[in-house]
Amino acid sequence: MGEQKGRWNWEVTGFEPRKLVERDDYQKASVAPVVRRYSMSVSSASELTKQGFNSKLQKLKDKVKIVKEDYMDLRQEATDLQEYSNAKLDRVTRYLGVLADKTRKLDQAALETESRISPLISEKKKLFNDLLTAKGNIKVFCRARPLFEDEGPSVVEFPDDCTLSVNTGDDSLSNPKKDFEFDRVYGPHVGQADLFSDIQPFVQSAFDGYNVTIFAYGQTHSGKTHTMEGSSHDRGLYARSFEELFDLSNSDATSTSRYNFSVSVFELYNEQISDLLLESGNGLPNIRVGSSDYVVELVQEKVENPMDFSRSLKTAFQNRGTDILKFNVSHLIVMIHIYYNNLITGENLYSKLSLVDLAGSESSIVEEETGERAAEFLHVLKSLSALGDVLASLTSRKDNIPYGNSALTQVLADSLGGSSKTLMIVNVCPNASNMSETLSSLNFSARARNAVLSLGNRDTIKKWKDVANDARKELYEKEKEISDMKQEVVGLKQALKHANDQCVLLFNEVQKAWKVSFTLQSDLKSENIMLADKHKIEKDQNAQLRNQVTQLLQVEQDQKLLIQQRDSTIQILQEKLKGIESQLNEALFSTEKKSTNGSESRTLVQTTKTTVDDMDSAAVTKRLEEELKKRDTLIERLHEENEKLFDRLTEKASLAGTPQVSSPSPKGQAIQSREVGRTDSTNVKGPSGETEGTVALVKSGPERVKTTPAGEYLTSALNDFDPEQYDSLAAISDGANKLLMLVLAAVIKAGASREHEILAEIRDAVFAFIRKMEPKRVMDTMLISRVRILYIRSLLARSPELQSIKVSPVERFLEKTTNGRSRSSSRGSSPGRSPVRYDSITRNSLIEEQIQGFKVNLKPEKKSKLSSVVLKIRGIDQETWRQHVTGGKLREITEEAKSFAVGNKALAALFVHTPAGELQRQIRNWLAENFDFLSITDDGVGGATGQLELLSTAIMDGWMAGLGAAQPPHTDALGQLLSEYARRVYTSQLQHLRDISGTLAAEVAEDSAQVAKLRGALESVDHKRRKILQQMRSDAAMLNLEDSASPIRNPSTAAEDARLASLISLDSILKQVKDILKQCSAKVLSKSKKKSTLASLDELAERMPSLLDIDHPCAQRHIAEARHALESTSEEDDQLHDTAHARKLSGDMAYGAETDVAQWNVLQFNTGSTTPFIIKCGANSNSELVIKADARVQEPKGGEIVMVVPRPTVLENMSLEEMKEVFSQLPEALSLLALARTADGTRARYSRLYRTLAMKVPALRDLVGELEKGGVLKDVKS
């Protein structure tokens, strides 16, 4: 039975074709005598036919019974699996509810802990403020700048950290030194960091919610601006104060409290306020500062980090201008606004830190200046005097504070007095020339400090110290308690994170269980459908067989009746024949008895008898033959019908056996019918698809992508994946999905820095793999979508032209249904209820302006009375249960979302341009807004938050799966989007290259260097264009399923090609002109040389039509210059020229002069000795043959000599001795090769040697041709 279930046999044994021997026997029987054919019977043939049909019917019935048993077993298995998956999902859902309750409790505990910390923090701020204001709200620091080189000695001394002494130089006084006490004194050696360490408590107080003002006071050039702004390597109070505020906000901010900062910068000049951020603050909010009587609106620019703060200050300083004289008489105020918000206590605090760079305080200049400058200084002195009065009134605890005396005090009224704190940094110059201004500044600051109320006697001081110590101790205890609370919060957050991780793991398991359940259900459903189809086919075949058997039996009965009728007719005829014969015999006997009759009557009777016998026997024989022929015809027809029936049954059996594979697989398992059916329905491309996929895997182009071990492994695995090696579609699907998951894992492991490299390395292999496997429909479409999204986002990150693409919001893709009933989980997975299908018109409408959304069908679940009773017994409220979305409903929504997303390019663009977390959050918000029964916060089963998470995840998973599903002949939606984006990028690059080539084609070349440069640039542009076109064709082959896509056409490059050809011709012309100019550098040329050179110039001029008009001026100019240089060169006879040249050479050879040879060519002469002669030859700038060889053959390590070889014409009128004298100046190897016994022999050998050496040098081959034409090398031919 197991073998029958795994391997069905469709061969019908009762319909074998007739053997040839039987047909021959039948043919032999057909030619038998008439009497034997007449005696044949068909009863035995009919019996055999009945037995064959009966055996076939019985076997078909047995096979139908086996199929029914298999169908029942599979159905029972599907029911068991569905029950098991439902039970497991129920358990996991309950456990998720418990984890959700635990998560809510942890969140509540964290909120309670933070609410307990808030009062402690407030108390800590109060204690810190009491400690800071123990000696008053106004403090004065003094800082002295270093001396410059030409300022002389210092008149300022620093006895301790709180005292500054000034040597007045007045000898009339008993003590010429005058002491001043401050809260802190800084000498010239103190840097910005040490100064800020004492100012940091004031910044901390501003962060705690108190207004703080810090002034920089002093005369011009005393260091006020340096204290505030600092330098690039030593930052001032502006940058350090904001960095401290930023660090404090990062350390104190929690999930329920946050800090925000903004900055305002303005200038006070001649009692007029100028907002320095007003020009760049279009659209920024304003803030009102000042007292109730004097209010000013300023622009506040929000700053998120120190970089934003520095950028705002830079903008303000640029708007202030560069007038240094104006800077000396104006006040600069930088105001940092601090906003604090606590979600637990509802506390909202606002404070500000004002950093004021005051104008110069010198008063002696007012007497010297007149006009507008004097008015500026008077305004400065007025504002500084008003500031001193306000500080003195505040320290003296007066009731009336004169804020209205100056715009400066009015703007800073809310930061002076009350609970606010003020710090004045007095900057002084330590040199003697500025002593009067120094004393004035110190007296001004002492006026504010000395007005501070005294703390009293020692007992009072001790009391205040005890209070401060107690405050410190309490502050330490509160800080310890706060740290303990923070540790507890960290522990709770860790527990919450652990619970969230468990939730994520369980949710992943639920998703996997759902996927397995969906796969099993789909497989079982397909199996049921296939079995039902096969059962139906078998029923039809059985019915046809029965009909055919019935028809054959009916035909056989009819034939039997006809044969019986014919037999009865034959018997009747035989009886009639016997009767006639008996009558004839009786007549004969009667005639014999009547002997009296004459001979005539006897002759007549005999003639009549003979005639009657002949006539009867002929008629009977003829009728018998006709009947036998009819019978044979009927028998032949029966045999033909049997043959046809056998052929039809054999054909049907072969067709029915096609989807089955009787041979075992490589792994020893039988191929399941559902997997084979799916392969037959999808694998329609055949070998052409494999060929195209193989071609698409070949990466073209000269450049190679950087390879990595992981990329090489993935590329090899993707290219070597062969579906034919697997024995089932399930195994193929498992292998393909594992490869895609390996790709995703490799990209994630590579990280953001190397993500683009590995994606580019495996790009062609991945796309070819997806194209090859898409028609089989065995891959997980969600994995395909994730891989596509990785490549599209990589393309977006590297392509600025794609980053400006706008996509529709997610709300346009969602739609709430208005009719229809909600289906439960049991109905959602029923085979009879299919999800909503979206046709191509719906999907195409998404691309248009009006997008049709995905209809979400959700309603509260209705339960029967029995279900209500069960819920009450379990202690679950029915209204709470109605909010629970069942697993079947989630599966239904996922399937409908998948159907909606198939081929939806607009939805694909939304997925690509929107992060996954943000997209799911938007879907969750839309669900909460449109379905009220899910928006209620409840602690029931699952909870509203859990249901929204499950619904949004189901929609996201369905969309992701649909976007990765191919719709032949088109690929998936993300693949189409990637193809469009890549084509857009390539089109932009081609347009850019076209613009560049158009510019290059129109550029005029002046000399050979520019020609070579333009030629190289055009060739590079053409190479890049071809590379982009090749990549476009490769992408079109790998990203599209249809082979009939629009071909990639080459852009028109006629103008660029014409210019490139013209530049190539021009480059050749200029090189030849350059060689001619080198020849013209000699002072004297021979007549033949000059004539041939002029002819060469004429040939170059005739090549002008091959150039474009834009290149004609350059070529004409260079040819004209060469012609002018050649005509201006003097000429002489060839013989005189060669003689003079030889003398010159002999003179030069005596000194072994070096020559300018660009490239040497080596020749080796084998003379039969152990050491061959090696001679190097080349050409100099004068187109002369130059050799380099050892001076002596027997001393190869001796010095090499370089000589210009004379032409053979030099030796024309020389004797053998004179030739030897000339050769003695040349290397020994050359003289040994050239010298012969006679002068003519030496000239002939030297001519051959000269020709051999010159032909080795490419630059001298034309010269050799000219010498041969002129007859100079005539000895060579002889």
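Cβ coordinates come from backbone N, Cα and C, glycine included.
Predicted automatically and left uncurated, TrEMBL annotations should be read as such.
TrEMBL lists coiled coil at one of the ranges 83-124, 461-502, 1133-1174, namely 461-502.
Cβ atoms within 8 Å of the centroid of the Cβ atoms of Gly218, Gln219, Thr220, His221, Ser222, Gly223, Lys224, Thr225 (the ATP site) belong to the same-chain residues Arg145, Gly360, Asn427, Cys429, site residues excluded.
Note on the binding-site residues Gly218, Gly223: the fewest other CB atoms within 10 A surround the CB of Gly223. Taking a C-beta cut-off of under 8 Å and a sequence gap of six or more, Thr225 (ATP binding site) has these contacts in its own chain: Ala216, Phe327, Asp357.
Within 10 Å of the C-beta of Gln219 (ATP binding site) we count 24 further C-beta atoms, all protein chains included.
The Cβ of His221 (ATP binding site) has 16 neighbouring Cβ atoms from other residues within 10 Å, across all protein chains displayed.
For Thr220 (ATP binding site), the same-chain residues lying six or more positions away in sequence with a CB closer than 8 A to its CB are Asn328, Gly360, Glu362. The Cβ of Ser222 (ATP binding site) lies under 8 Å from the Cβ of Arg145, Asn427, Val428, Cys429, Asn434, Ser441, each of which sits 6+ residues away along the same chain.
Long-range Cβ neighbours of Lys224 (ATP binding site) (same chain, at least 6 residues apart, Cβ-Cβ under 8 Å): Ala216, Tyr217, Gly218, Asp357, Leu358, Ile425, Asn427.
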